[in-house]
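Single-structure report; data block below.
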């Protein structure tokens, strides 16, 4: 990343994985209570921010299928601008890397990187807690990325507690299918009564188990998604023959963990022709963590 008084270049918006995802209840307003552990990855979209003197917020990159004013990046910048009353503006360029509808948090991460970067570029110096309260208005996953640490999440995903996770390498395989999150959450067959667990439960079973993530929990959405989307089921089955595999979020991406980059790359090399896979290292902290206190 490069930093100047007029611009911030090469700001990573990291992907996340749900190492497990349990749905423990449903609220009267339709939202679901969940428990999960969010893992940051050193892989994601890259954003570039340049100051404007006319006060306007503009997206300088076309993102197919995402109109500018509904883009979470633009919405995040306008929300921060309205909240603080700053006269500053910004041009935002986005180098998209993460697929949409994949369970990797791409749009949410872009929004969080925007909040953190503009907190620095616009010299706002808002505390992290204040940025997180804004992030809630943009989506359930955005507060986690502003939080900036690997986390045990509860509630609708906004109750976060830092967890220390070992360094791992991941192979993430994304089938060519878009899984609408709302469709999965509304499915009658979705498990909504998983027994609550604790951070201690998770940490006790994940630290050194060779069968991890199999050794702890599951993704409650996986069975519904694989029953509806054969492409996801095919990836889960194939990857599971290489290493314990699990879907992240509401899909469609599926991941497996490895102890080394070499192991992950070797698994990637075996992918069937035409499949989309990426090897990524775990992160302990968001690259822009220092941009809020």
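A Cβ is built for glycine as well, from the same backbone N, Cα and C atoms used for every other residue.
Feature annotations, reproduced from Swiss-Prot:
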- 16: active site (ACT_SITE)
- 99, 100, 101, 102, 103, 104, 105, 106, 107, 108, 109: ATP binding site (BINDING)
- 141: active site (ACT_SITE)
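Calculated from their C-alpha atoms, the gap between residue 109 (ATP binding site) and residue 16 (active site) amounts to 8 Å. If you measure from the Cα atom of residue 16 (active site) to that of residue 107 (ATP binding site), you get 11 Å. According to DSSP, residue 141 (active site) sits in a coil region rather than a helix or strand.
Neighbour counts of Cβ atoms within 10 Å were taken for the binding-site residues 101, 103, 105; the minimum is at 101. Across the structure, residue 101 (ATP binding site) and residue 141 (active site) are spaced 13 Å apart at their Cα atoms. Around the Cβ of residue 109 (ATP binding site), 28 further Cβ atoms fall within 10 Å across all displayed protein chains. According to its DSSP assignment, residue 109 (ATP binding site) is helical.
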